[in-house]
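Below is one structure, written out as structure tokens; the observations come after it.
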There are 2 protein chains.
Amino acid sequence: MSTLAAPAIRTLTVELGERSYPIHVGPDLLGNPAHLRPYLAGSQVMIVTNEAVAPLYLDALKRGLGEDLTVRQVILPDGEQTKTLASVERIWDALLEAGFNRRCTLIALGGGVIGDMTGYAAACYQRGVAFIQAPTTLLAQVDSSVGGKTGVNHPRGKNMIGAFWQPRAVLVDTATLKSLPPRELSAGLAEVIKYGLIRDIEFLGWLEANVSALRELDDALLIDAILRSCATKAAIVAEDETEQAVRALLNLGHTFGHAIEAHQGYGVWLHGEAVASGMAMAAALSQRLGWLSGDDVARSEALLRAAGLPTAAPAAMSADDFIARMRLDKKNLDARIRLVLLSALGQACIHDRLPPDELRAFIESYPRA
Amino acid sequence: MSTLAAPAIRTLTVELGERSYPIHVGPDLLGNPAHLRPYLAGSQVMIVTNEAVAPLYLDALKRGLGEDLTVRQVILPDGEQTKTLASVERIWDALLEAGFNRRCTLIALGGGVIGDMTGYAAACYQRGVAFIQAPTTLLAQVDSSVGGKTGVNHPRGKNMIGAFWQPRAVLVDTATLKSLPPRELSAGLAEVIKYGLIRDIEFLGWLEANVSALRELDDALLIDAILRSCATKAAIVAEDETEQAVRALLNLGHTFGHAIEAHQGYGVWLHGEAVASGMAMAAALSQRLGWLSGDDVARSEALLRAAGLPTAAPAAMSADDFIARMRLDKKNLDARIRLVLLSALGQACIHDRLPPDELRAFIESYPRA
């Protein structure tokens, strides 16, 4: 499983016409000017990061930028509870204080929270400036790197305020995973597994074979898993950039998962943990509808558990707690709750005709932690 | 000048590919379902208006929507000082409180401030929902109706936070101008005159002949002036939707004008008044550079004054006051101040090579009120 030489940097292009951009994946990318400088819009750069990431990678990133630029930084607190409009205002204040113009570039150095907020700040600063993603968590590397979704949470719901805004480039430095707590690596694997479940049965088999080595940070396998995940997401996003149809399949596990996150309080369960539990719920509900076999469900759950993820729902969460939160989901149109389920293993579908009583009965019967 | 029958409703289409939309112009549009209902994305409607406009037109608009929809409203204070992120947050709060989904429609009923904030709220609610403009001031009818610029002010600069977001339709009800204070009608005429100055010399002549009748609210002439203004702006925006080049010409008078507004405190001078003074300054500077004759400048100033607008700069504003504010202008790239000037009457151009000393000397010598 291990490799002898350091794996080479590999690149995937996200095809979005004039908004196409590259995702570079490999070890030790951050300090390398060749992967940073071509994507700057001008000489003004604002790095946005958090208190956990800054001590680890901020200096390397600055070295990679070089000394002839005007570089400023905003260091926010760590965690999902930071993902607010007030934090984005801090970024805007810093940009204006520095006198940065429309040709500035924002760089998001951190996990998904930093990426989503920085992207949103870039989308709306002077009605839109350039930004680069440098995701340092596996979750952000395989999820927020592709798709252009940016935004912040509102007390009444996750990601309720935001914009679609594409980065100029994404730099996935796999060396950053070495500093990631194992629990967060597992949370990232939830999204990796999701791509297998929704439309890549072959990848699902590959993950079953390699999940332990991935948890042990085998660089070459990580690069494979990240590129395969990003490629699947990129294909779906290219078909449906603004989520009118097929893109909604990427939300497998997220309707239940967002309800769990919101009910527990953001940050108590990690996003990936809530999604893992939500995917297990979606698989079980798909079985109840006759679409998956008991073996399919057992296979899904075994892989999630092998990745170090939960499959049960939170102990303290009632069916009413779930349903109240699910009604607020952005995917819903009119009064119906839209669910992403599995019509087969490796094939997701939308279902918005489930009678409310059946949904409630299913949630009541589902195992709790 | 007056007409015998009520003028018919006329329509201009702003051509932006799949984001194309109509501008309907005529008297008594607001209460007419035929002009409202085709543009709703679904059955949820949020009207955003202000305390001055609501008592006049909110009921008519609601009648026009009909009784089978879920209609909510946000009534904000009047004035430019309301154009803040905090006001937009009130709109988002109201949308979430009402449980509105991605198929809701926002309707902006009011002047440019309401239109800019409502458009921005729509651009970022759940990453983008439908909105309709129902501008009730001449300024908003000829300016914010076209172009998709939305946003709010920041203490450090006007319109610093925002997005490009196109409406589904614009409904210009000319009857609303009957309730507009004459000072605000004049402010709107500043933008109308701007279209003549930047690229429509024939229209400039038409305005010289008709400015008095416009101030007396001749409906047929108002419809002509609004359509001609919107058509000029639409042609420029179609060439350059996100202001990479030619669109910047629409900022004639705005670099000086924004400096005036910001220095005096937003709302002390009306936006159109500040732009009028800014256009007179741009004309005088163009003369100084040898591009306009003394007659050209006199003609521009005479038209502005006939429209009831100022041409002098504010008494209390020094050259330093101007230059400090102008440095923050969004048009600037790198260190240079970019000015929109007139290379001839009816033909605007960009100039970013004026030595700072010359700019300062010009501003110092310019007449004060």
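From the backbone N, Cα and C atoms, a Cβ is placed for every residue, glycine too.
TrEMBL lists A:74-186 with the feature domain '3-dehydroquinate synthase N-terminal'.
A 10 Å cutoff on Cβ-Cβ distances gives A:Asp116 (NAD(+) binding site) a total of 22 other Cβ atoms nearby, all chains included. If you look up TrEMBL, you'll see A:78-83, A:112-116, A:136-137, A:Lys149, A:Lys158 marked as NAD(+) binding site.
If you look up TrEMBL, you'll see A:188-332 marked as domain '3-dehydroquinate synthase C-terminal'. Note: the domain '3-dehydroquinate synthase C-terminal' (A:188-332) comprises 104 helix, 1 strand, 40 coil (DSSP; helix = H, G, I, strand = E, B).
For A:His271 (Zn(2+) binding site), the count of additional Cβ atoms within 10 Å of its Cβ stands at 27 [all protein chains shown]. Residues or ranges marked as Zn(2+) binding site by TrEMBL: A:Glu191, A:His254, A:His271.
In this structure, the CA atom of A:Ile114 (NAD(+) binding site) is 14 Å away from the CA atom of A:His271 (Zn(2+) binding site). Looking at A:Thr137 (NAD(+) binding site) and A:His254 (Zn(2+) binding site), their Cα atoms lie 19 Å from each other. Nearest by CA distance to A:Thr82 (NAD(+) binding site), out of the binding-site residues A:Glu191, A:His254, A:His271, is A:His271. The most densely surrounded of the binding-site residues A:Asp78, A:Glu80, A:Glu191 is A:Glu191 (count of other Cβ atoms within 10 A of its Cβ).
The closest partner of A:Asp116 (NAD(+) binding site) among the binding-site residues, by CA position, is A:His271; the full candidate set was A:Glu191, A:His254, A:His271. Cα-Cα distance from A:Gly112 (NAD(+) binding site) to A:His271 (Zn(2+) binding site): 10 Å (rounded to the nearest whole number).
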